[in-house]
Amino acid sequence: MLAQSKLLRLRHHHRLLPSRFSPLRRCHSECPSSSPAELTATQAVEVLHQWDFDQLRPFLFEASHHLPQIIVRLNSIPKAVDFLNYLRDKAERPQQALSYAFEGALQLASRHPNSQQHLLMLHTYRKSYLSNISLTAKSAYLLLQCLGKAQMLDDSLLLFNELDPSSTSSLISKLRGLFKSGRTHDALHLLDEMLDDFTGEVVFGELGRRDHRGRDFADEDIVGLVTKQCEHGVFPDAFKLTQMITTLCRNRKNVVAWELLHGVMRLGGAVAVEAASCNALLAGLGRERDIQRMNILMAEMEEMRIKPSVVTFGILVNNLCKARRIDEALEVFDKLKGKGEGNRVGVEPDVILYNTLIDGLCKVGREDHGLSLLEEMKTKKQCRPNAVTYNCLIDGFCKAGKIGKACKLYSQMINEEVKPTVVTLNTLVDGLCKHGKVHRAVEFFNEMKGKGLKGSTVTYTTLISAFCGVNNIDKAMQYFDEMLSSGCSPDAIIYYSLISGLSIAGRMDDASAVVSKLKQAGFGLDIACYNVLISGFCKKKKPERVYEMLEEMEKIGVKPDIVTYNTLVSYLGKIGDFRSARKLMKRMLEEGLQPSVVTYGAIIQAYCLKKNVGMAMMIFEKMCSTSKVPPNTVIYNILIDALCKNNNVEKAISLMDDMKIKGVRPNTTTYNAILKGVRDKKMLQKAFELMNRMIEDACRPDYITMEILTEWLDAVGEIEKLKHFVQGYPAPSPASSQTSISF
DNA sequence: CTAGGGTTAG
């Protein structure tokens, strides 16, 4: 087995000999009469025994590559040597025949029970009498093996140099080192591999294998070695080059990969570099969103006439999309389709390219453009839309809030006989849930189960989050169990969903139980998990459990982040422990964490709760003027509510104007707070104005709004205005119709 | 079955 593979490799090696003679291919086409199959042993021996130069002529010239087999059939080393002498002494010297005959003699020797001695004899014989003939690969291999065994380092190196004058000095010195330290076997192995492929399996194979335990070569050295080989016109094959680049990029060594590819490109150009190798580097650059270098590489490819493939453009378009540079992606795409100046690249877009682009369009909210590409695909035989195409579009329409269109696309998909996948299922389940149609989502899931499609962890995560979101914890737990029994393995995300849902619902005992399950399953809590748990324990006023969590975090090395600090500061503020809050903030700053708008909100709320609205306002103004933290809706809501409750509706109203100036959008909570304030002050006209503004701002009144307004407006006989307001129209009074005209 | 591009969940 081993011998056979070695032989195969050596056969392959022939092309590297100076003659570039390719024996196995030529025999049939050029000299059918002497094909090895037709050459019987007797015939061969007969021919050789006659030693008639004219009769031998075909074997000495056109078909000299058969000589090794013929010599082997002589079955006698002395006879083989005689034949070598005979050839050598001929006036008309057949150099190539001598090379092959010598190979035959070596083969004979290597099969001899005392092979080592006979091989050495032939080596000496060659040195004295045949030094001017070149060696075939097999000859070189056999000789090197025997010299290695004999520890004849100098002869080995001479031979090696003779064979491969371009071999690099670093490889030679490695070889020398191996011989010196007595690792003859390793040295032979190295030689073997270098012979096998002059580009050096050693060099290339090593890079492919090494990752963590990094051996003799640093990546940079490998680049040097490969480049050196290239300088001598020996290039790695496209596959190995690609593999090396992929490995380097995966180890986040884009710079080294870039150098490697450019070394080979500079020395070998399009002869040595194919699109695939460039693709590997492009993908690596894409991972770091380095579009600039990607463009440079594309330009270089064009300059060197390395023909890009459809994958090349796939990588480029994908990364342009991910960088939200969708228009540039479309430009590339149009170029492929030959739009514009007939600038055809000779690459046809395929399904994946279409899908990439459709997904990119959907992700920036241009799903209608995506839809037009879907229609275009249907007209092309080569790129029929597949499940991924529909998945991208369905997700796009779901995220755009057009659940109806998404469902329509699903039926279209079924009509076109494109089989939905589990991703289709998950996308629609998520879309339905996010639109409050959890029940429909469950129905759809059941329908798909009936069709034999199983849910995945993603399906269950979506449903569990949805049921937690509507406070139906029992149903969420039920789906968790179903997931386990259906054979899905839970991951960290699904545990997080449950823990988060239970914590928000205040069911901390259940949340803790899930934490134990999570730990049993071999997962650890991450910072997000700890944060929801801490928040839950804070809400339940269980400081001892909070400290427990914090201690655990410290023990296992999960550092509190700004969310953790905000949660704690907010809790301390609510219980009025300003001293601890201040201490905590000091530590937060020491840890290098900058206060966020949530931190300010927590402090402001704390002062508001203490009825110290003046202090709250001061902090707010300081935040706006000195920090780079822009205020958000929540902060305004806290302040507006507090000002109203403290008899300062005027100031609250001016804050609402401030919001408008700063471009902070009020929400229903904002309006509820201010409406309550103006009601308590019986400012009816102001209430109507605010109601109209609420409609402009697209804030839907909720049950709290109704509670504030109904009784009041009914009492003052303005219930009509409230009816219009609820339907989403401004009240048709003279004062308010003016506002709507100006609007 | 030699490399290289596309979709879902906290």
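Glycine residues also receive a Cβ, built from the backbone N, Cα and C atoms like all the rest.
If you average pLDDT over the repeat 'PPR' (A:274-308) in this model, you get 92. Under the heading repeat 'PPR', TrEMBL lists A:274-308 (among others).
Residues or ranges marked as repeat 'PPR' in TrEMBL: A:309-343 (among others). Among residues of the same chain six or more beyond the repeat 'PPR' (A:309-343), those with a C-beta under 8 A of the stretch's C-beta atoms are 275-276, 278-279, 282-283, 286, 289, 291, 294, 298, 301, 349-350, 352-353, 356-357, 359-361, 363-364, 366.
Shown for the repeat 'PPR' (A:350-380): DSSP residue counts in helix, strand and coil, namely 25 helix, 0 strand, 6 coil. Annotation source TrEMBL lists repeat 'PPR' at A:350-380 (among others).
Tertiary proximity for the repeat 'PPR' (A:386-420) is limited to same-chain residues at least six positions away from its ends with a CB under 8 Å from its CB atoms, namely 351, 354-355, 358-359, 361-363, 365, 367, 370-371, 374, 377, 427-428, 430-432, 434-435, 437, 448, 453. For A:386-420 (among others), the entry in TrEMBL reads repeat 'PPR'.
Residues annotated as repeat 'PPR' in TrEMBL: A:421-455 (among others).
Annotation source TrEMBL lists repeat 'PPR' at A:456-490 (among others).
Same-chain neighbours of the repeat 'PPR' (A:491-525): 457, 460-461, 464-465, 467-469, 471, 473, 476-477, 480, 483, 532-533, 535-537, 539-540, 542, 545, 556, 558, counting only residues six or more beyond its ends whose CB sits under 8 Å from a CB of the stretch. Per TrEMBL, the feature repeat 'PPR' maps to A:491-525 (among others).
Taken from TrEMBL, the feature repeat 'PPR' covers A:526-560 (among others). Within the repeat 'PPR' (A:526-560), the DSSP-based counts of helix, strand and coil residues read 27 helix, 0 strand, 8 coil.
Secondary structure of the repeat 'PPR' (A:561-595) per DSSP, as helix, strand and coil residue counts: 26 helix, 0 strand, 9 coil. If you look up TrEMBL, you'll see A:561-595 (among others) marked as repeat 'PPR'.
The repeat 'PPR' feature in TrEMBL is assigned to A:596-630 (among others).
Remote same-chain partners of the repeat 'PPR' (A:632-666), defined as residues 6 or more beyond its termini with a Cβ less than 8 Å from a stretch Cβ, comprise 597-598, 600-601, 604-605, 608, 611, 613, 616-617, 620, 623, 673-674, 676-678, 680-681, 683, 686, 697, 699. If you look up TrEMBL, you'll see A:632-666 (among others) marked as repeat 'PPR'.
Residues or ranges marked as repeat 'PPR' in TrEMBL: A:667-701 (among others).
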Contact set, same chain, for the repeat 'PPR' (A:456-490): CB under 8 Å, 6 or more residues outside the stretch: 422, 425-426, 429-430, 433-434, 438, 441-442, 445, 497-498, 500-502, 504-505, 507, 510, 521
